[in-house]
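Asks: Taken from TrEMBL, the feature domain 'ABC transmembrane type-1' applies to B:63-274. According to TrEMBL, the feature transmembrane segment maps to B:12-39, B:59-85, B:97-120, B:152-179, B:214-236, B:256-278.
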Amino acid sequence: MMRRKQGTMIALAALTLAFSVAGRAEAQGLLFWSTQAKPVEETQKMRTEVLGGFGKPVDYYGNDAGPFFTRIQAELKAGKGTIALLGGLHGELASLSSDLVDLKDVLSATGDAKINPTLVSLGTYGTAEQKYLPWMQASYVMAANKEALQYLPAGADVQKLTYDELIAWGKAMREATGSPKIGLPAGPKGLLHRFFQGYLYPSYTGSVVTKFRSPEAEAMWNAFKMLWEEINPASTNYGFMQEPLLTGEVWVAWEHTARLQDALNQKPDQFVTFPAPAGPAGRGFMPVVAGIAIPKTSPNVEEAKALAAYMLKPETQIATLRATSFFPVVEVTLPDDMPAAVKMSGATVAAQSAAPDAKPSLLPVGIGGLDGKFNKVFIDTFQRVVLRGQDVRQVLDEQAATLKDIMTESKAPCWAPDKTSEGPCPVE
Amino acid sequence: MQRLLSSQKVLPYLLILPASLFLAAFFFVPFVQVVLAAFTSDDGFTFTHFRTMADDWKFMPALSNTLGLALVVVPIQITLALVMASLVTRLRRGRDVVLYVFTIPLGISDLAAGLIWFALLEQNGFLNSILYGLGIIPGPQNLLDYRNTAGLFVAVVIAEVWRATAIVLVILVAGLGLIPKEYDEAAEVFGAGPLKRFFLITLPLLRPSLQTALILRTILAFEVFAVVAVVAGNNLPVLMGETYAWQFDLQDHKVASAYAIVILAISLAFTVFFLWVLRDRTREAAA
């Protein structure tokens, strides 16, 4: 009985607190409703160091996706609201895209800030309107031990590598050292599925879903089998590539920027970072893009637009990087006091998305709870084709059937790099 | 109330009531939910989830790996525990110390045990360092290579034997303590050697404990999960690992429930088998 009373008290206290916090937010200036910078320290830095310079009071809230959607959807349904500005990932804002204000005029008002054009075009969702403005980005890049550079094939530029050159490089390293020196995070905690979805498939087929079982995909898996010969077999145990890079087990690796930072910060002089290789269809890469949008129910669209423009200023972008570890989407010169990992991977992330042959491929959009099954399609294909040596054609056909079921069940239309579709994204 | 409590008829039921409620709430209700999830869809009764499970290419390897592990690990553990238990009961001094040392792994979670063995066996692990330091190998060898399924299997067997033999040992030591010394002494008087006494006196009298240990260990062996996940990663699929993957990575609790039902069925079958094989035949003969 005592327990229960206490529980009720705590719940009541929490409710009161929640109401008073929400009440305070509405009493003050613009409400910036976001899914990013959720940890308390990051939220605090966003409020003081990033938004403090705007001149007008802004209230920043970082939420989990659940509460984020509950409130904005309720406001959209009611037709009026208090949220002035939305911040979220490309895939999150996608489901709200028909209720967002066109931000084209903000884009032209940002003056000389050079915003990454690839990311700007992602913000249209294939429509004529600018549904969101890119806000910040992260990505997956390559990192190499400087020891490895001497084995680069003749004529290859590490900043503009191709997959064929990567294979040749791996072969040269293996022959020189006696063991394969390229590593991929193929362990249970690794992000290898993103490598297939965001890097290999777009680079070889220009698609992820539609051309899953195409002849190009078949050629791709055969090429990847050749690359696998040069990959350290311990890769199937790797989670974060910063560890084998630091021990020297692996000299060249592909990894998320956040999972490389220990290696880059501990031995900044030992490593270089560079964009992912290119294949026949371009330089596939997966930007993790967060954007800023204004809902049609925003109480003050003009001030919200001014805030959106402020967020794209180079100084604001650098302050955002300090607050969140996400990289700028505009051209900036990073100050010298940044950690080595930020400087190195920041430059590479920018170079990768600005490459002339860049082929951005997004995190899955609109498949909701089927995300895990979507990833399983790619990991299963890898395990069957590469680790167990099963027939490529047969595995692709079987896995394509599973992929088709996922798309039909979720009714998700295609996302970049696949061309937009009416209805569920087709698997040809 | 006073009368109710002192009534010999009601009291026992009152005493087991809390435990029964606990079991009902935390074992029976979830169990019914799992069965319902495994056998139903929106359209009623279905085998779809079992078909999805069986059609997945990982199902057969997971099934054979799990059965294989149980069939290899459990006999090794029983044999080892018998030897260790006989040893411990024969000690005059330091018996408790030896018993404590033997049962240390019991206090370590299976995840931690997996991590210990992974740290020993991995490419930059202790085993590699020692062998390299002694000049036996030219450089670090990857013992947990995905291409070496037999090696992964052996590594998991070693880790499991190390981790879970102690529980069998504890049960058997307790069982040995219950056997009256007079039988052994009588046999010795009639000239039976140590081996003969072990097989004709100790082992038959130890049957109830052996039965308990076998059932317990076999059921736990079918639930092997954390050790495999750490030592072999994705390269040695087992039933429990697949259940976890379907529940949490793939967010499909219906197929996960189907896996759980399969594990339950196998465990039940083995339990019934052990109960039957190790049943008390002396009473049958008397009747």
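For all residues, glycine too, the Cβ spot is worked out from N, Cα and C.
Caution: TrEMBL annotation is automatic and unverified by curators.
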Asks: Using a Cβ cut-off under 8 Å, which residues of the same chain at least 6 positions beyond either end of the transmembrane segment (B:256-278) come close to it?
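Replies: Sequence-distant neighbours of the transmembrane segment (B:256-278): 34-35, 37-38, 49-50, 52-53, 63, 66-67, 207, 210-211, 214-215, 218-219, 222-223, 239-240, 242-244, 246-247.
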Asks: Among B:12-39, B:97-120, B:152-179, B:214-236, which stretch has the highest count of C-beta pairs below 8 Å with the transmembrane segment (B:59-85)?
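Replies: Ranked by Cβ pairs under 8 Å, first place goes to B:152-179.
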Asks: Taking a Cβ cut-off under 8 Å, which residues six or more beyond the ends of the transmembrane segment (B:214-236) line up next to it in the same chain?
Replies: 65-66, 69-70, 73-74, 77-78, 109-111, 113-115, 117-118, 121, 144, 146, 149, 152-153, 155-156, 159-160, 163-164, 167-168, 171, 244, 263, 266-267, 270-271, 274-275, 278
